[in-house]
Amino acid sequence: MSQSWPSVSRAEMVTPQVIVVGSCMTDLVSVTPRLPKAGETIHGSKFFIGFGGKGANQCIQAARLGVKTSMVCKVGKDSFGNDYIANFTKNHVSTDFVGQTAEAATGAASIIVNAEGQNAIVIVAGANLLLDSEDLKRASTAISRANVLVCQLEIRPEISLEALKMARSSGVKTIFNPAPAVAQLDPEFFTHSDIFCCNESEAEILTAAPVNSPQEAGTAGALLLEKGCKVVIITLGGEGCVILSQEDPTPKHISTNKVKAVDSTGAGDSFVGALAYYMALYPHLCMEDMVKRSNYIASVSVQTAGTQTSYPHRAELPQGMF
Ligand SMILES: Nc1ncnc2c1ncn2[C@@H]1O[C@H](COP(=O)(O)OP(=O)(O)OP(=O)(O)O)[C@@H](O)[C@H]1O
Ligand SMILES: *[C@@H]1O[C@H](CO)[C@@H](O)[C@H](O)[C@H]1NC(C)=O
Ligand SMILES: *[C@@H]1O[C@H](CO)[C@@H](O)[C@H](O)[C@H]1NC(C)=O
């Protein structure tokens, strides 16, 4: 890396914390020569289980960079749920607010990948959809003391919105990642987001405008900014991202060192997790400097296979970034 990172002072608070209210999914991945047709049984060459779900992914990335993290989510009272909780602990994520329910299975994604890298995926959200207001209330003290709260849309949208409102009412910074995107998003999601961060296709769905270039991302970003969030970030894969803010509404393209992607799954979540880390621990960095670093961290994640397994730890990154 030829890039140099200007030194910065860390936050002065005792234990800055990132709280993620969101999803956990167990990925059940089969690698096959081709995708099966209806009614057909075929043999695959490899099977593995991975930990996923956008909420958990973002939380794990933030934790690996070295901030205190806590996950607010729901898994099933089943072996996948037990394994997920054990893995959060191994990653130093607090599981104080991870609930287990007997009413539904741990969220699961059955994934078939063929030799060309094409895939067919079935997602059963399961226990994720049972995360409710009571669960948020149990976490309310922790939420009110956090520095940054992050949510997405893989749980019931009203629960994400309630979490954003709880955070905002305590002066906690909010990052909202509207994924998977819906065309008719409740306008309150915008007014309760400090950072509204989505990818190109989500920006298209939300604005009904095409997003195929940094310039088009700027145009779509302006439409999103108008809806009342403080900062809009649209990620652009190897092109980095575009940022706009109420303070500086002129779209700014923050390019990155484009790398050859081995597996880009979860790159957006790595980016969001990294951004949450910087907002919690380095609140005095400007947004541009935070997203440059987040771009870099996400670019590391696309260079190895897997989702959470590809997320870098602090020790593996240039120390000038910290
Ligand atoms: N080929 C690449 N080279 C460098 N950085 C990349 C590359 N692909 C992704 N990134 C980094 O990852 C960030 C997120 O990527 P992207 O916009 O593709 O998110 P996404 O579509 O949500 O990811 P996912 O693949 O999980 O759906 C980008 O803003 C960039 O910083
Ligand atoms: C769970 O977390 C650890 C610690 O980060 C990781 O190294 C490990 O591979 C994970 N376990 C499984 C079964 O994936
Ligand atoms: C954006 O993210 C969604 C998941 O929310 C994914 O399905 C889609 O492929 C991504 N789009 C791009 C352009 O990467």
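Each position is counted from 1, following the chain as shown.
Including glycine, each Cβ sits where the backbone N, Cα and C put it.
Whatever TrEMBL says is automated annotation, not expert-curated.
The candidate list Asn147, Asn177, Asn295 contains one residue that TrEMBL assigns to the ATP site with Asn199, Thr235, Leu236, Gly237, Gly238, Glu239, Gly240, Thr256, Gly268, Asp269, namely Asn295. The record from TrEMBL ties Met25, Thr26, Asp27, Gly53, Lys54, Gly55, Ala56, Asn57, Asp269 to substrate, and of the options Glu134, Glu154, Glu188 it ties Glu154 to that site too. Measuring Cα to Cα from Gly268 (ATP binding site), the binding-site residues that fall within 10 Å are Lys54, out of Met25, Lys54, Thr304. Taking the Cβ of Gly306 (K(+) binding site) as centre and 10 Å as the limit, one finds 18 other Cβ atoms among all the protein chains shown.
Highlighted here are the binding-site residues (Met25, Ala56, Glu154, Asn199, Asn295) whose C-beta falls below 6 Å from ligand 3: Asn199, in sequence order. Checking each of the binding-site residues Ala56, Glu154, Gly306, Ser310 against Gly240 (ATP binding site) by C-alpha distance, the shortest gap belongs to Ser310. Among the binding-site residues Asp27, Ala56, Glu154, Ser301, Thr304, Ser310, no residue is identified whose Cβ is positioned under 6 Å from ligand 1.
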